[in-house]
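The structure appears below as structure tokens.
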């Protein structure tokens, strides 16, 4: 017989995405496509999109974690751009990474210069009282 037909052949395994193989939520296939189409290099290795997707996922998780904490501190259950701004600007490393980034509707960090604050005069009151 000519080896055709289904009798004896192995069943094809269920397709498994590269994201699930790498244990990631971010799409490795899409990142690979964007790297190829973006004219960053003539060729793109198999590990590059996995690594880049992992880095993007980590940064996103880090920012969302801090933004969720900022939302909880403000007694809110929904993250808004203000919470993202507070999360990024209060974290030294993220602030350095995203220093030139403007977040729409993010506002600014509350900051009052020390010289503008009212002076403490308690020591003078005690001295005059004696």
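Note: Cβ is positioned from N, Cα and C throughout, glycine not excepted.
Some features that Swiss-Prot has for this protein:
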{"type": "REGION", "residues": "1-22", "note": "region 'Disordered'"}
{"type": "MOD_RES", "residues": "2", "note": "phosphoserine"}
{"type": "MOD_RES", "residues": "4", "note": "symmetric dimethylarginine"}
{"type": "COMPBIAS", "residues": "7-19", "note": "compositional bias 'Basic residues'"}
{"type": "MOD_RES", "residues": "10", "note": "N6-(2-hydroxyisobutyryl)lysine"}
{"type": "MOD_RES", "residues": "14", "note": "N6-(beta-hydroxybutyryl)lysine"}
{"type": "CROSSLNK", "residues": "14", "note": "ubiquitin cross-link"}
{"type": "CROSSLNK", "residues": "16", "note": "ubiquitin cross-link"}
{"type": "MOD_RES", "residues": "37", "note": "N6-crotonyllysine"}
{"type": "MOD_RES", "residues": "37", "note": "N6-(2-hydroxyisobutyryl)lysine"}
{"type": "MOD_RES", "residues": "37", "note": "N6-(beta-hydroxybutyryl)lysine"}
{"type": "MOD_RES", "residues": "119", "note": "N6-glutaryllysine"}
{"type": "MOD_RES", "residues": "120", "note": "N6-glutaryllysine"}
{"type": "MOD_RES", "residues": "120", "note": "N6-crotonyllysine"}
{"type": "CROSSLNK", "residues": "120", "note": "ubiquitin cross-link"}
{"type": "MOD_RES", "residues": "126", "note": "N6-glutaryllysine"}
{"type": "MOD_RES", "residues": "126", "note": "N6-crotonyllysine"}
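All features noted in Swiss-Prot, drawn onto the structure.
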{"residue": "10", "record": "N6-(2-hydroxyisobutyryl)lysine", "DSSP (3 states)": "coil"}
{"residue": "16", "record": "ubiquitin cross-link", "DSSP (3 states)": "coil"}
{"residue": "37", "record": "N6-crotonyllysine", "DSSP (3 states)": "helix"}
{"residue": "119", "record": "N6-glutaryllysine", "DSSP (3 states)": "coil"}
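When the Cα of residue 119 (N6-glutaryllysine) is compared against those of the recorded positions 10, 14, 16, 37, the shortest separation belongs to 37. Between the alpha carbons (Cα) of residue 120 (N6-glutaryllysine) and residue 10 (N6-(2-hydroxyisobutyryl)lysine) lies a span of roughly 83 Å. Residue with the densest Cβ environment among the recorded positions 10, 14, 16: 16, by other Cβ atoms within 10 Å. The modified residues listed here are 37, 119; among them, 37 has the most other Cβ atoms within 10 Å of its own Cβ.
Of all the Cβ atoms in the protein chains shown, 7 others lie within 10 Å of the Cβ of residue 120 (N6-glutaryllysine).
Geometry remark: residue 37 (N6-crotonyllysine) versus residue 10 (N6-(2-hydroxyisobutyryl)lysine), CA distance 36 Å.
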